[in-house]
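According to TrEMBL:
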- 20-41: transmembrane segment (TRANSMEM)
- 62-85: transmembrane segment (TRANSMEM)
- 91-109: transmembrane segment (TRANSMEM)
- 116-135: transmembrane segment (TRANSMEM)
- 141-159: transmembrane segment (TRANSMEM)
- 227-260: transmembrane segment (TRANSMEM)
- 292-312: transmembrane segment (TRANSMEM)
- 333-359: transmembrane segment (TRANSMEM)
- 365-384: transmembrane segment (TRANSMEM)
- 391-413: transmembrane segment (TRANSMEM)
């Protein structure tokens with residue numbers, strides 16, 4: 001039985017104190033411990049540095065700065081709450097995302113196993129920790145781990161409503177609990193406040209529920225009224241941000257960093273969720289980079305083909321079922337089960353593609369498809385459990401484990417590289433040296449490279465004046481200074497200054513203001529795949 005006492009297709013239940021329940025919880029505990037151990041590093045890349053900077057601002061400042069950015073602010077508010085308790089702590093911030101991944105895995109125990117059986121539930125929880133992209137977002141100081149949780153909760157309750165509506169249309173009369181409608185609305189609103197792709201995914205889920213309501217004459221008016229009531233509640237809760245969202249849409253249509261690279265973008269979307277950047281973006285400066293990338297691409301392609309083969313084979317077996325009643329029940333599971341969750345991924349991609357056309361600017365990006373990763377993992381778990389043939393099942397699972405191991409290995413090699421702190425420490429030492437040479441007078445540091453935010457977030461050395469200031473980048477203050485009148489800082493400036501960025505840019509900067517580059521040194525930062533290049537300019 002599912003929660004609420006309503007029987008769903010193929011539902012099974014296991015006592016929490018039973019053997020399968022203990023094994024399931026053991027899988028979640030082991031995965032949580034593994035991620036917690038892996039999260040113990042303080043290297044950052046730009047997006048993470050942005051999150052770290054934003055966390056130190058007040059709730060009001062986060063709202064104001066967030067209005068100039070391209071994401072909603074709920075995640076940054078969450079991080080600010082953590083900041084108020086623990087201070088600026090990169091590892092703790094990373095553990096916030098680990099907690100999101102663990103919460104997603106726990107849905108396999110609390111919900112998925114009740115709807116799809118204990119095996120699918122356990123596989124779902126295990127895959128949350130093994131699928132490369134899931135592992136990636138679980139260790140990022142970004143909103144995606146908790147976004148996956150919100151969308152998965154919405155998907156589960158959207159699925160339950162749709163499945164029960166379908167069964168009610170066949171003569172059953174089980175009620176639809178108000179709690180299902182309420183949780184669908186709440187999860188939809190939370191997803192929308194975490195990321196705009198969360199709003200898109202929630203829209204797709206709500207639309208499928210509405211179609212199911214419209215197709216079933218039994219209690220149609222009452223169910224439609226409930227859908228309207230709770231959907232309206234979700235929209236009203238989002239109203240404070242709607243004006244901001246409209247202004248951000250205008251900003252995006254005027255220019256956005258995403259570029260649609262044909263045919264690479266299609267390959268990225270097809271191989272999602274296996275093309276984790278820890279491997280596909282493994283720095284070319286690191287040993288065996290090309291070999292690792294090729295191996296990963298082959299394995300990812302093979303496992304995608306295996307999964308598609310699973311679904312095709314299951315679909316054929318369902319379509320050819322000889323027993324009419326049994327066949328109808330199996331078709332119900334296929335059409336309302338896996339396809340419901342697959343439709344969330346496909347629908348999100350489709351709506352994003354349409355938005356790209358309307359805005360005349362690509363906004364579809366494979367990283368953002370993490371919003372539908374929970375539903376995709378559920379489909380994978382379902383396919384692993386349903387496919388016939390132990391060899392196929394074991395092969396698929398082993399390849400997933402191999403991909404996870406490769407992802408974890410590449411991540412730890414880059415995240416724990418001794419090269420990461422070298423450039424940061426060198427920056428702090430260079431700032432001290434220049435201050436001494438300038439007789440203790442103010443020493444200016446400039447940069448046109450947002451990767452410098454990684455340096456500023458480390459707390460080493462002097463604040464950096466960013467020479468292409470934008471309101472959204474005020475999140476990086478005070479480590480990076482957004483002064484729109486920054487050229488005035490050089491009026492009458494004497495002594496030496498520092499420029500962080502490409503040597504040719506530093507030379508052009510020095511020439512523009514009557515200075516000269518007298519020295520330059522560079523340091524590789526494996527985790528962000530950036531070079532920190534410091535040029536000393538004499539004025």
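Placement of Cβ uses the backbone N, Cα and C atoms for every residue, glycine included.
In terms of C-beta pairs under 8 Å, the stretch of 20-41, 62-85, 116-135, 365-384, 391-413 lying closest in packing to the transmembrane segment (141-159) is 365-384. Among residues of the same chain six or more beyond the transmembrane segment (62-85), those with a C-beta under 8 A of the stretch's C-beta atoms are 51, 54-56, 92-93, 96, 141-143, 146-147, 190, 192-196, 241, 244-245, 247-248, 251-252, 256, 470-472, 474-475. The stretch with the most CB contacts under 8 Å to the transmembrane segment (116-135), chosen from 20-41, 91-109, 333-359, 365-384, 391-413, is 365-384. Between the transmembrane segment (91-109) and the transmembrane segment (20-41), the number of CB pairs under 8 angstroms, six or more residues apart, is three or more, so the stretches are in contact. Taking Cβ pairs closer than 8 Å, the transmembrane segment (365-384) reaches residues 104, 107-108, 112, 116, 120-121, 123-124, 127-128, 131, 133-134, 137, 144, 147-149, 151-152, 155, 191, 195, 197-198, 200-201, 258, 265, 268-269, 272-273, 275, 307, 310-311, 314, 337-338, 341-342, 344-345, 348-349, 352, 393, 396-397 in its own chain, all 6 or more past its ends.
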